[in-house]
Amino acid sequence: MKIRETGTRQQHNLRRARIGCVILKKNVTFTMGIRFSRWLVGCGVAIAFGVLSPSVTWANPQLNALLEQGNEQLTNRNFAQAVQHYRQALTLEANNARIHGALGYALSQLGNYSEAVTAYRRATELEDDNAEFFNALGFNLAQSGDNRSAINAYQRATQLQPNNLAYSLGLATVQFRAGDYDQALVAYRKVLAKDSNNTMALQNSLTSLLQLGRNQEAAVLFPDLLRQRPNDAELRIKAAVTWFGLNDRDQAIAFLEEARRLSTRDSAMQIRVGKIYETQNLLPQAIAAYEQASFVDPQSREAFALYGSAAMKTEDYINAIIAYRALTELSPTDPAAFYNFAVALQGRRRSREALEALEMARDLYQQRGDRRGVNITESLMAAIEEG
């Protein structure tokens with residue numbers, strides 16, 4: 001009777017774990033770090049509970065006890081204790097794939113990916129038709145930084161279960177991380193064929209296409225992504241780069257301005273947009289973005305330096321003076337800031353102020369032992385005095 005009660009309880013837990021696994025597969029989320037531990041938790045518990053059959057107990061009472069204790073610790077997320085129990089169990093039953101799989105799962109949850117790889121690799125040797133094990137092996141290999149081996153493991157998982165969305169997504173994401181953009185696209189398209197609104201598949205397909213210079217194909221993916229992420233400034237920047245590649249400057253500018261609007265209080269984002277404008281020789285737009293960046297973060301040396309530089313390129317000396325004056329206040333020991341400030345002042349024929357700034361620049365160059373800087377500064381001073 002006791003065995004039957006234990007089996008019934010484990011059967012309930014196993015059913016619950018498997019249900020959780022299915023649910024988590026649908027909601028799997030990835031970042032560039034391939035975070036799919038939420039999915040792994042659900043499936044790992046199912047594997048771990050499968051160590052001890054719901055209806056059959058092992059002949060060895062000591063093994064039964066160790067596995068029950070390991071499963072209980074796993075359920076309670078006491079992974080270090082679970083590892084101890086499973087390792088002891090393996091001394092009694094060394095060739096059981098399920099015990100190796102449970103050990104691998106517990107090790108993975110502790111962040112010990114290299115040892116988890118060893119456990120899952122042994123599990124796959126003992127059960128070479130178990131897609132769950134190959135999937136878990138792929139995850140831990142990827143977390144260990146061995147993307148090539150991870151790809152092989154995921155490919156085996158997808159061969160065993162070609163219709164499993166999570167496995168295809170895992171394969172695609174590791175291929176993407178490894179820079180295999182062509183192969184990642186193939187895998188992501190399989191995901192999108194089953195789940196056309198999968199945001200991660202859409203985003204990484206998009207990035208893969210952009211990396212491959214296939215802008216026309218990338219453009220097709222944007223409508224769905226833009227609709228799904230109406231407040232994503234980063235996505236608008238990618239869209240802008242795509243449309244610049246398609247020589248549609250007006251649409252690209254519209255995307256960049258939308259990105260700016262979505263991040264008006266983000267100095268770093270304003271700088272990014274400004275740099276894109278500058279590479280496209282759209283200097284008035286770049287100046288506006290850099291000016292906004294300096295307004296949001298008045299301590300940003302980078303923002304003021306870029307602001308001043310872009311203004312000088314268009315001979316917008318008033319904005320250049322504003323930018324470089326602020327930069328000299330933020331960097332009072334930077335001779336280049338004073339030199340550029342002087343050039344901007346001279347652009348407005350403010351010679352006396354320009355000479356004062358150049359004297360400061362020369363002194364700072366001398367303090368640094370920068371003879372070339374001193375010579376350039378003195379040459380400009382002489383030209384102003386002669387003119």
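Every residue, even glycine, has its Cβ placed from backbone N, Cα and C.
Taken from Swiss-Prot as is:
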REPEAT    63-96  repeat 'TPR 1'
REPEAT    97-130  repeat 'TPR 2'
REPEAT    132-164  repeat 'TPR 3'
REPEAT    166-198  repeat 'TPR 4'
REPEAT    200-232  repeat 'TPR 5'
REPEAT    233-266  repeat 'TPR 6'
REPEAT    267-300  repeat 'TPR 7'
REPEAT    302-334  repeat 'TPR 8'
REPEAT    336-368  repeat 'TPR 9'
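Per-residue confidence over the repeat 'TPR 6' (233-266) averages 96 (mean pLDDT, predicted model). Residues 29-30, 169, 172-173, 176, 179, 181-182, 184-185, 188-189, 191-192, 238-239, 241-243, 245-246, 262 of the same chain sit 6 or more residues outside the repeat 'TPR 5' (200-232) yet have a Cβ under 8 Å from a Cβ within it. Broken down by DSSP into helix, strand and coil, the repeat 'TPR 7' (267-300) contains 27 helix, 0 strand, 7 coil.
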